[in-house]
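Going by Swiss-Prot, these are the annotated features:
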type     : residues          : note
BINDING  : 81, 123, 124, 491 : Mg(2+) binding site
BINDING  : 122, 195          : [2Fe-2S] cluster binding site
MOD_RES  : 124               : N6-carboxylysine
ACT_SITE : 517               : active site, proton acceptor
């Protein structure tokens, strides 16, 4: 029978000092035999996805204590990728994931907490907490802050739906008036919550459902809706029961590595492909799998991408649907239900509810359930009122979207495409793979051949695009933006956005060893591995080299002879200590970022730290 971790600090005469300090936090004699559960919050006023979380930890804590546990809350950092975008701040985004994972480990292990409730929401916070959960392997429940409502405004006598990406595109479009641009900006992000499309934050919060670590509705129920409060209240109750299952009943099925096993990771990736999730999810799932010592690799992702259909198309791949529409159509479990009926789900997986997948679908898939309370929850909709307050409205759709032929979520027979929304491309440019969000690629662009225009930073690429130096047919190559070469693997949202602003969204391709925002669409290929900073072939491309992209064949090839590439490699190696670094780039890189770069692996490994360099 496992012993409560917290007993290390709460039992025995030698721990009198620790108990004295616990008493100073409000604990009493009666508390010293109870499980101590960490409420891992991420409130900050910097991030709209987290601005409403201040009091939500207290909600969870009250339920923990009412259910027989002791709750202790702490906060992690949280970076807003949208605000950090387009300047040096983006260098810090991906490295913040490792800091979040480490900070959770530090707090939980230093204080011997028995379990966790992770209150996350945005891009690197959910992945960081997920990595920590699988590293620590103690009972955990995830409950996120929820999606933002979609923006709406009236332009040219027509009501249109908006999100952050629209504000960025139209802000750089020379054909859009200042007045219209300002109106779009003011309407794009109307409420608290993670940005309203299937961007990285919402993708990851959906994936925690598929992994079995969060409750039904976690990925899609709006941040502003009163129903979301129940997720927080129930998380507090359920974590105590989950904790006691492990420590008092010796039930290892309550642990995250038992729940989020390889079969669950395959289910999560299958969901991601089917819903056209952010390419960043590939990085984060690979990283989390390594923390949990789960054998889940790029090869698994490639295998799944070839057989999973695209069943749900959401912004940025279309402006018709946002997360509020996914929820109305039944959310994550509706997509999993369609995938299950297509024979694509691993059914023998558990979740924090203590249910198998089939049991969960019978209760929560709107196409199967007879539970009116479940159907009511999925009718939770937007209010269209600007607010930073959680649970501030209780509006509902009159009906559910159960149209699996032409609705937001499709059946296999009516799939948007029989191949899913993400694909892994290989070739001499990416021996270890690269990622493209096929959900956002126009059908006419699935194959592309063009000359390279090479840039050694995002900044110079943006300058060239806005300056008219990139023309139709070009393949924009942005290198030395990988985990090591950046460092920090910046998102290339501005270059892809500005290609659209300049009318080149379907006329050019973009390839990078950096990554993309979940808001990116178009022929944008990222995560090229090995990266330029690690000696990858992307470092040897020259202006004018022809590049062939063939998504159906999963291929990306630089059309340059092996002998020429060998000669270029010799020239690069002759640079000595400066080899595999950008030639003409001025960038201030702090000591903290240099430390990250020293240990960073390429994207095919999840951009995690290289344990071999630490003797691991």
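Quick reminder: no glycine exception, Cβ is built from N, Cα and C everywhere.
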Review point. Which chain neighbours of the Mg(2+) site, leaving out 81, 123, 124, 491, have a Cβ atom within 8 Å of the mean position of the site's Cβ atoms?
Key: 79, 84, 90, 93, 94, 122, 200, 280, 517
Practice item. May I ask for the distance between residue 124 (Mg(2+) binding site) and residue 195 ([2Fe-2S] cluster binding site), taken between their Cα atoms and rounded to an integer number of Å? Key: 14
Practice item. By CA-CA distance, flag whichever of 81, 491, 517 among the recorded positions is nearest to residue 122 ([2Fe-2S] cluster binding site). Key: 81
Revision key, fill the gap. Note: among binding-site residues 81, 123, 491, least Cβ-dense neighbourhood at 10 Å is 81
Review point. How many other Cβ atoms sit within 10 Å of the Cβ of residue 195 ([2Fe-2S] cluster binding site)?
Key: 32
Exercise for review: Sorry to bug you, but what's the C-alpha spacing from the residue listed as 'active site, proton acceptor' to residue 491 (Mg(2+) binding site), rounded to the closest Å?
Suggested key: 5
Check your understanding: Residues with Cβ closer than 8 Å to the Cβ of residue 517 (active site, proton acceptor), same chain and 6+ apart in sequence?
Key -> 81, 82, 85, 199, 200, 278, 280, 491, 492, 493
Revision key, fill the gap. Once DSSP output is merged into helix, strand and coil, residue 81 (Mg(2+) binding site) belongs to helix
Study note, to complete from the structure: Cα-Cα, residue 195 ([2Fe-2S] cluster binding site) versus residue 123 (Mg(2+) binding site), nearest Å, comes out at 10
Exercise for review: Please report the DSSP secondary structure of residue 491 (Mg(2+) binding site), reduced to three states.
Suggested key: strand
Study note, to complete from the structure: If you count the other CB atoms within 10 A of the CB of residue 124 (Mg(2+) binding site), including all protein chains displayed, you should get 29
